[in-house]
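According to TrEMBL:
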{"type": "TRANSMEM", "residues": "12-34", "note": "transmembrane segment"}
{"type": "DOMAIN", "residues": "466-963", "note": "domain 'GPI ethanolamine phosphate transferase 1 C-terminal'"}
{"type": "TRANSMEM", "residues": "477-499", "note": "transmembrane segment"}
{"type": "TRANSMEM", "residues": "556-572", "note": "transmembrane segment"}
{"type": "TRANSMEM", "residues": "592-611", "note": "transmembrane segment"}
{"type": "TRANSMEM", "residues": "618-637", "note": "transmembrane segment"}
{"type": "TRANSMEM", "residues": "643-663", "note": "transmembrane segment"}
{"type": "TRANSMEM", "residues": "670-690", "note": "transmembrane segment"}
{"type": "TRANSMEM", "residues": "743-760", "note": "transmembrane segment"}
{"type": "TRANSMEM", "residues": "767-785", "note": "transmembrane segment"}
{"type": "TRANSMEM", "residues": "791-807", "note": "transmembrane segment"}
{"type": "TRANSMEM", "residues": "937-958", "note": "transmembrane segment"}
{"type": "TRANSMEM", "residues": "970-990", "note": "transmembrane segment"}
Amino acid sequence: MASWLPSKLTSAALLIIGVLFHVTYICSIFDIYFTSPLVHGMEQHRVEAPAPAKRLVLFVADGLRADKLYQFHPDPQTNELTTRAPFLRHIIEKEGSWGVSHTRVPTESRPGHVAIIAGFYEDVSAVTKGWQMNPVNFDSVFNQSEHTWSFGSPDILPMFAHGASDPDRIDTIMYPAEHEDFGTDAYDQICCQHVETHPVLPIYDLGDASELDTWVFEHFTELLEKSKTDAALHKKLHSDKIVFFLHLLGLDTNGHSHLPMSEFYLNNIQIVDEGIKKVTEQLSEFYNNDGKTSYVFTADHGMGNRGAHGDGHPDNTRTPIIAWGAGIQGPNKVNPQGHDEFSADWGLNGYSRNDVKQADIAPLMASLIGTHYPVNSVGELPLPYLDTSESFRAASTFANTLQILEQYHVKQELKRRTELLFKPFPGLTGDHSPEAVKAQVQALIDAGKYKEAEAECVIVRDLCLDGLRYLQTYDWLFLRSVISAGYLGWIAFSLNFILRTFVGGQDSRLGPLGGPRTRRPIANVASAQENQAVNILSVIMFAVFSIILTIKHSPALYYAYVAFPIFFWSRVILDRRELLSAISKTTQNYGWVKSIGSVLGYIVALEILVYSYFNRGILSVCFLFLALWPVFLPAAVQRNNTLLMASWSLSCLGTSIFTLLPVEMGEDKILILSGGLILTVSGFVSTAIVPGITTDLQQPGAAVTARNVMMFQTGLIALSTVIVNDTVRSLAAHEGLPLLNQTLSWVILFITGSIPFVYGARSSQHYLLRMVIIYLSFAPIFILLSTSYESIFYFCLSATLLSWLMLERKIYSASEMQPLSDTLHSEKRDLTGASSSGSSSIVNGATAMTVDYPIRGLSPMDARPAIFFLFFINVAFFGTGNVASLASFSLQSVFRLTTVFNPFFMGALLIVKILIPFFLVSSIFRVLGRSLELPPFSLFLLGLATTDVMTLNFFYLVRDDGSWLEIGTSISHFCISSLMVLFTILLFALSDLLVGRVLVPAVGEGQRKKRS
């Protein structure tokens, strides 16, 4: 008999390592793709020639979408199409230049304002700092101005005053932060805080948040009036290089509260337009029409159709820009350019549309008033907006180029000091070296060749930006290689554990988390000499990498990036014999063709799931193929299972519809009621059938109790449908949320949510009864939080999952050549490893046998349920929305429970709604593992270990350029996939709580005893 050594790794240890690894590696995309662009120590540059303007007025309409400003909208009185911004449209047609300003993710207020005023795009990882106060100090147009007066929100204004070279240079006139109530009484005072940061804002009792903007315009007027009696203020206001900044928050608030299609939002546009007109007239009068004022109107971000922003959806990234006044080019009607399908219905095709990147606005403002360009700006001066002499245009472009070139020079020197073999950017060497560029352009300007100088500056500026990009990505090859080795190492490491634990030699005892304790044949264990050699080599490798990282002044997290792959691959090398032995055993039992085919099919399926992140429709195609699955099942399965196979096919076809529907749908009362009716009917049917199916397995009293509980749950479903119907009607009529409805909704939510944890959670129930109880428990919650077809999706997905479970049981029964047993098996929960021979007991009148797990090991055919699990997880992700897009879930769904705008509280309610389908999937999967007589955690582990094939795909698909939509979704996809391991563990824990004690009929009990 072979000697055995105890296993060194348990399931619990594997999970802990996996969580630490994935939490650490999720930071890698920010270290690779989104490191902070800021450097310090640059010289300042500006145009020495007199500037066209003495002062600048910057209007930022927080949360204003470009299309909503430029489009025509029905007049509420006459229903005729008209513009809501007649003054700004007059500016476009008669006085200034206009276009679309393209923002970057995250489309939030802080990064948007930083791009506009400082000219650079923030490190996306700064989201962890709340987007409020400065994570790092930066330069801005305000800091370079002689003086800046800013009006508006206390969430935006202080960050530009904080860290300024002269704190007295920037005045902030803000509404008091303690006024957060947007109720009717509060509007008499018009004092509030920004909704994104101070989250106590009533929604339907909100009223019109445009009063916030009125407050700003009124206090601007007060400033001008005050100067008439304040000589010092009057003198400051007549200085050169001054800036007025008006932050207009009303549109963002109304967009969140009433959606950007609402009359509140459109009326707010009109109020902003009237306020801007008044400010323009006041300044013209105040400065005696001296023609030395420049105006820039734009927005920090847009607003999604569902009243949210933050991601890269075009509705959030396309904002307006309109400029007029001193130094600004008038409308180009001779050769209008720049239009596309987006602006086709604006009625502005006769005027050139000049689009800019959001960071380009900062150098434009600096050029107009003649200040130094912000030293961290990467914005490119938008020449189509300038109406100045050729010499000034050339000088401005030269200063812009020098400022960006200065950043390249400083960054290059910093990188040169930390690299062993530094390679400079080839494009800025030789004739295009910084010194040569300065001399060439200056010579052209001195010779009066302004166009040539301007063209050369544009070329060099592009090279500088490419050079900055080169330096920013200098370490990409090294870091990408390390991260790839880490993910591949984790896949190999975890699969090695699965193969030797659930495929290799096993005993019958349970280990931690329900996994088996394995013992290792001495012949397959690495010798002490091998162990020592591999460990020494690992330490040497880590030491070498540590020296390199120290020279590069790398962050501490980089050492962890290196440590994980070294650890993983060293363990794989030490356990290689066990791995090869498990693979050999599998191929001997199932054949090379079947084994390799299962692996390749699994990988192809994972790649299809990757594609589904970009196109939800691929899930519908998968459902169509899955609907045909019963046709290819063995004849033994097809016999006597016609109804089950029909149920599977029909439910697949029904569920396939939802991933073809748009994720952004308005509130649809008919669909909500239809979903509630379907769920109510399904409740009555389940109550009538399920207890009857399990009559021979339940004591009479228990059967009656089950039927009563199910009837009660069905009643809650019906009541929820009635409540939602009345609430939708009341909110649509702007009558507010009825208190009775709100109270009943909360009572139903707590009662129905607690049923599966109170009834049957600690006692053994038949698995079918348990699954129906869980299904009916979550149905009222889904109805209460539905705005459209979500409840119908919940029914179809549940039917598909239950059909899948039953079909897999039939397939396994046929493969075992034994009928499903009437003996119910519960799971023995001895996590200490104590073994027993099994025992029988009477549970609810039926014979329930406690057996030791696992009964069998994993086989290649178990790849199918594992990939089905990942497929259904994806369906749960994208069935009613796009989890990768914040804008695809409507806040309207939570208005049935609260009318107070609290982002964290509302987000928690939305998360509950989103997670319900995952609870169903994980519960079904947990029962399926028991039905297939596998170790409790084996299928979960198989899915967990292989999801990083998807993660590695998304890692290389992360974008930091291209369209903003591509950038935002690529980040979301990677984070979702990378966190799947943690998510899977949480799902397993919850499913264990929900269905861990269910009774499952055994398969092929007698045949196994004969074989043993």
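Even glycines carry a Cβ here, placed using N, Cα and C.
Contact between the transmembrane segment (592-611) and the transmembrane segment (791-807) does not hold: fewer than three of their C-beta pairs are under 8 Å, each pair 6 or more apart in sequence. Pairs of Cβ atoms less than 8 Å apart link the transmembrane segment (970-990) most often to 937-958, out of 643-663, 670-690, 937-958. By number of Cβ pairs under 8 Å, the transmembrane segment (618-637) is matched best by 643-663 from the list 12-34, 643-663, 670-690, 791-807.
Of the ranges 12-34, 477-499, 556-572, the one with the most Cβ pairs under 8 Å to the transmembrane segment (937-958) is 477-499. Within the same chain, residues 123-125, 475-476, 479-480, 483, 486-487, 490, 494, 497, 512-513, 555, 557-558, 560-561, 564, 941, 944, 955, 958-960, 971, 974-975, 978-979, 981-982, 985 sit at least 6 positions outside the transmembrane segment (12-34) and bring their C-beta atoms closer than 8 Å to a C-beta of that stretch. Only pairs six or more apart in sequence are counted, and the transmembrane segment (556-572) with the transmembrane segment (643-663) gives fewer than three Cβ pairs under 8 Å, not enough to call it a contact. Looking at 477-499, 643-663, 743-760, 767-785, the range that has the most CB pairs within less than 8 A of the transmembrane segment (791-807) turns out to be 643-663. Against the transmembrane segment (670-690), stretch 767-785 shows more Cβ pairs under 8 Å than any other of 643-663, 743-760, 767-785.
Note on the transmembrane segment (767-785): residues 672, 675-676, 679, 683, 686, 690-691, 693-694, 698, 706, 709-710, 713-714, 716-717, 719-721, 723-724, 745, 748-749, 752-753, 755-756, 759-760, 791, 794, 798, 802, 805, 893-894, 896-897, 909-910, 912-913, 916, 919-920, 923-924, 927, 930-931, 994-995, 998-1000 of its chain, located 6 or more positions outside it, place their CB under 8 angstroms from a CB of the stretch. Mean model confidence for the domain 'GPI ethanolamine phosphate transferase 1 C-terminal' (466-963) is a pLDDT of 79.
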